[in-house]
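A short write-up of the structure that comes next.
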Amino acid sequence: MSAVIPIQSDTGCTDAPVLRERGQREVFCGLTGIVWLHRKIQDAFFLVVGSRTCAHLLQSAAGVMIFAEPRFATAIIDERDLAGLADAQDELDRVVQQLLARRPEIKLLFLVGSCPSEVIKLDLSRAAQRLSTRHLPNVRVLSYSGSGIETTFTQGEDACLAALVPEMPVAPAAAPPTLLVAGVLADVVEDQFQRLFAAMGLGPVQFFPPRRAGALPAIGPNTKLLLAQPFLADTARALEARGAQRLVAPFPLGAEGTEAWLQAAATAFGIAPAVFQQAIGPAKARALQATAAHRPRLAGQRIFFFPDSQLELPLARFLSREMGMQLTEVGTPYLHRSHMAAELALLPAGTTLSEGQHVDSQLDRCRALAPDLVVCGLGLANPLEAEGMTTKWAIELVFSPIQGFDQAGDLAELFARPLLRRHKLGIPPAVRAAA
Amino acid sequence: MQLTLWTYEGPPHVGAMRIATAMQDVHYVLHAPQGDTYADLLFTMIQRSDKRPPVTYTTFQARDLGGDTAELFKTAAKDAYERFRPAAMLVGSSCTAELIQDDPGGLAQALALPLPVVPLELPSYQRKENWGAAETFYQLVRHLCPAPAQRPDRSAPRPTGQRPRCNLLGATALGFRHRDDVTEVTRLLARLGVDVHVCAPQGATVADLRRLAEADFNVVLYPEIAGIAAAWLKRTHALPHTTVVPIGMGATRDFIAEVAQLAGIDAAPLLAEIGADMGAGGTRAPWYARSVDSTYLTGKRVFVFGDASHAVAAARVAATELGFTVVGLGTYSREFAREIREAAKLYGVEPLISDDYLQVEAAIAEALPELVLGTQMERHIAKRLGVPCAVISAPVHVQDFPARYSPQMGIEGANVLFDTWVHPLMMGLEEHLLGMFKGDIEFHEDAAPSHLGRAGTPMQVQMPSPSPAVSTNPVQAAAAVEAAAVLATAAQRDGTPTASTWAQDAELELKKIPFFVRGKARRNTERYAQERGLATITVETLYDAKAHFSR
């Protein structure tokens, strides 16, 4: 697709004003990240220290997965723990002991902070140090916060990965340059990228987080960092503090985004343009073919994004540039200007950007705009459908493999499907409110 | 601290949300951090509600904690009033806000909003969802229908021509089959000659709650939710209430008698009408249970777990209306432990009061049931153990908020229960035919279903040892898993990792038993052998065990 898109003379949304709002937020907290993180790091266990609400949230978010002996659980704080802090630390030790006896195969244990544990100032980092001392070399214990007061949804992954950074071994100063890809990707996507890098002769490439806790990549001044996910502010800062150089790129969504993302790495490693094009050629052609199938249904349709995962800007860029959709408002829970610089430049000028949320005001704006497709959470989706709008629930975009060339068609399909369904069920398009 | 993987109940503020969402013009302002809105999707997704729950969250964040979270609450409450214009407001804290000790009740009072504001004290670190729902409903009733100066005298006769009126109490949002139970009980009461005055909280307005005391008595559909409110209405407004939950035909008949007595009318005509087999009453379940195909249900071992009311009702239906043997009875609701203990005595089983699903799983594995009646969790446990299962109680997933009419209560409820519980079991005729044809080429254990033809011939998997994960036969796989699980549990209990070995001829004899009961036979035999310390299982052991376990 990128070959046919003319280079824009303007700078897109680089200097666009952002509407910043405060109020009720209809978003998940960072604990939800556990649901996909635990599947990626296969010998890690996530122990939330929180309330029954935290356990209930994980259960609701994890759905049926909870019964495959998942590697996460909640140590529910009760009134005895609230009575005194020393007692709470002892209790935590007891729960961890109980847990590790039950799951001896665990190599890495995360103590995950929640709103209650942070408000009572239960020092989980100290607990992690103490427990590490006790359980090493069998189990390493780390801590991070997934609380709602600190983190929104995917920021839980950021906090988790940032906690892992100090554990990464030091790469020798004389080591050859390596590429570090940061952010949880589905295994199938990771393998595809690995093959593309191999085809262009780029390497060594390592992915962070690794699939096994013991296989953390080394890091040093010769590490080139490519972010696979847009929500890794703290992780990137921690990696850069250890010498890694971040490559500026849009995120690998759609054919254009994936090519530009791979190109950033290829340029940094001095891969010849011809070699690069030859390596990515077949996959890129497949991506263009697969997305073209969905373009007729999406082109010209107006889309509205409620804030959820920080994936909104790259998704909006893909949908507008490659699928011809019209952007109304693109909301994001948090906007990291420098990580998003490449994305902002590619967004069509005039797009309304919003950061944060006042859900009732945002719903008012959404109703007034009457978009053809609304991307939102499950708490809003059915109520908006009942009002006559077509919705795409956002959480699926975090759980499904969507990055890379061979997922570009699937990604487009996720947005085309609700529109197709509406058509098949014979529901007329929503009537736009009079301007 | 308690290590928890699965929780049967949410926190108490989710119970309060269930009350607010059930009602029509109540708004709940919840002092809560970012993220607690996850609970909205229980209503919009599981119950498929077409509206957002009427809840405003203050969404405080870490940076607010040093500052004025109280101000944040006041702004949220004021804005919610302006925007939604409810007839009454609930205010309270979620678990985190409980720790920061703002006082939503006092703050809301300071705002002097022109509507009733009901403050909720829901101790999140001690109590759970059902208690939160019960307390919220009680507080609403107490505020909106205050105690009269003097306890009213209800001995005066009703004006002639006016039918007796009752309130239906306890149905909420996210309640298991509450929607259809309300319809079914309303129909039943109408046939008896009793009108429903107010149904609450489901569908009620604030104005409805204000006129609760005008009814003649209350019908408590769900004691877990309406119990406290009904007791208070009895104490202060002299409104008597029902005690029987009409789940199952027996309980429905008792319920009719109880209502008739409270209403001062004659129950006999309705009892006669619904007593007729396949009669005008719509009653089919008792006749179905008596029909000869159901003979095979006799003495089937059933394990019952759920909220106390549904579990007690289910055990009664299982034992007295379907002829099962109740081998386990339990609940996760500690508030109703007494009811379960009393019911357990009737069936001579040990009551199980626990909210730890691992304990429930161990109890099920121990009891060796042929049918499990439980919640969503027991459905998964039963699946893992390879035992048939039906859902009788919350918590439930989306499929148990069905589009079709499917009450648990009343006459149609009894019909629904019969179908739901019996379908997972092999029906009598089917069981008989499969047993008769067990030697036939179509029915040996590796045969594909005949309707698949030759294309369905299963692949021959070459395995050094039977591995449940790759078995082509799901029943066999499930049985193997079950056997392994039971062995593991047994070994854990005894602290001895021993397992008896099978003699070759015994193994061959075992293969002659139909595959769908072979797992149980293997398990029973091994248990029998282990209990007697037999190192080798012979053909004799197999039949000894069969004799030992046969009913």
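Each residue, glycine too, has its Cβ placed from N, Cα and C.
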Checklist line | Additional site residue, A:CYS13, A:CYS54 [criterion: listed by TrEMBL with A:CYS29, A:CYS115 for [4Fe-4S] cluster] | finding: A:CYS54
Item checked: For the domain 'Nitrogenase/oxidoreductase component 1' (A:29-417), mean pLDDT (0 to 100) -> 94
Notebook entry, point to check: Helix, strand or coil: which one is A:CYS29 ([4Fe-4S] cluster binding site) in, per DSSP?
Noted result: strand
Next item on the list: Would you count the other CB atoms within 10 A of the CB of A:CYS54 ([4Fe-4S] cluster binding site), including those on all shown protein chains?
Entry: 33
Item checked: binding-site residues: A:CYS29, A:CYS115 - member with fewest neighbouring CB atoms within 10 Å -> A:CYS29
